[in-house]
Amino acid sequence: MPSFRAPVNSSFVEGMDEFVAYHKVNMILGAATTVINLLLLFVLCASSSLRKKSEGSIFQILIVLCLADGMNCFSICLMGLNRVLLYTEVIDTLTIPIRTSWECALEPWLLFRGYGDLWPPTVQLAMGVDRCLAVFNPISYNKRASKRKGIFFFATIICVTLELSVGYLISWSTRFVKVKYWCGRKAAFGNSYASFVYGMNIVCYLLAFVLTMICYFKSKYYMDTCSAKQHLARIRYQLMISLLSIVLISTPNGISLFAQYIAEVADAVAKTSTYLTCVNSAINIVVYLLLHKEFRSEFVRIIFRKTECTTVAVTITLNDKCVLYCSLQTEQVLRDDELIGSDETARNTPEDKK
């Protein structure tokens, strides 16, 4: 905490209670969406079926996206907590802290906020590139799948760390400059770096959507049916995630960028952008439940401890005359080869009895 404070009069804190209420909502919403991402992470890691498929990189990528979104939600929770404590102290003491840009940059919540701002768009852009490699060069992509374990996580986190390092270098270069006491992104790192963050949240999501759309058309119209079906199943939910990010993140960031250089926007619009960020970072689990059949099945099995069942009709022919129909209750996740094995066993049983 800063050691120097400046006195303010009572008119300065008029309406500050509204800021406290607004950031309490941010704190609660950030905490709730963090829990949702922890739930998603638990399902992805607890499922042996999904975990095995992560060796093919797709679910490993989804885990990294979940971590990035969780970081974003947690940073919003920390930001809300910091602002609630800050404004409450200002109201109670009628003093404000005197801070420099470097003092602001050293606040822990701002470091988390930096990763929360930059990691999700970086991950989604990398997802688009990864899908293009899988669609346009599948042989090389599959051949090197085992060598890519952990690369996606480390590549994206290193990239974001380098981007954040630039902001901290800027802050260090202006470390004696006094800034606004609430220590936002602009106060800590300057307007230019804040614009860079806005731009990342616009450009990365747009590029991710474009790359995924290219993969969609390539898979649908220019690949054989078997390969296309495999790719399209993955592309659909990835495309939906990118589209939602454009609507919920890129659009508000575009408005903020417009407000920074051209004209002010309504305060309600600026405040709503934080809520939309939380929604976007928590909505992936809904997308997977709607568009990913295996995830839906595993979610029900792990969370509700239930197994989805289907009825499979098996025809058993005896001496080409007698036909017996029976219904077998099988788990949804039963493999096709197990079904075939059961069928063959049923067919051979009468002969064995003879």
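Backbone N, Cα and C atoms are what each Cβ position is placed from, and that goes for glycine too.
Just so you know, TrEMBL annotations are computer predictions that nobody has curated.
Annotated features in TrEMBL:
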DOMAIN    36-288  domain 'G-protein coupled receptors family 1 profile'
TRANSMEM  25-46  transmembrane segment
TRANSMEM  58-81  transmembrane segment
TRANSMEM  151-173  transmembrane segment
TRANSMEM  193-217  transmembrane segment
TRANSMEM  237-262  transmembrane segment
TRANSMEM  274-291  transmembrane segment
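Nonlocal intrachain contacts for the transmembrane segment (274-291), taken as residues 6+ away from its ends with a CB within less than 8 angstroms of a stretch CB, comprise 25-26, 29-30, 32-33, 36-37, 39-40, 62, 65-66, 69-70, 72-73, 76, 120, 236-237, 240-241, 244-245, 248-249, 252, 299. Listed by sequence, the residues of this chain that lie at least six past the ends of the transmembrane segment (237-262) yet keep a Cβ under 8 A from its Cβ atoms are 65, 120-121, 124, 127-128, 131, 191, 194-195, 198-199, 201-202, 205-206, 208-209, 212-213, 216, 269-270, 272-273, 276-277, 279-280, 283-284, 287-288, 291-292.
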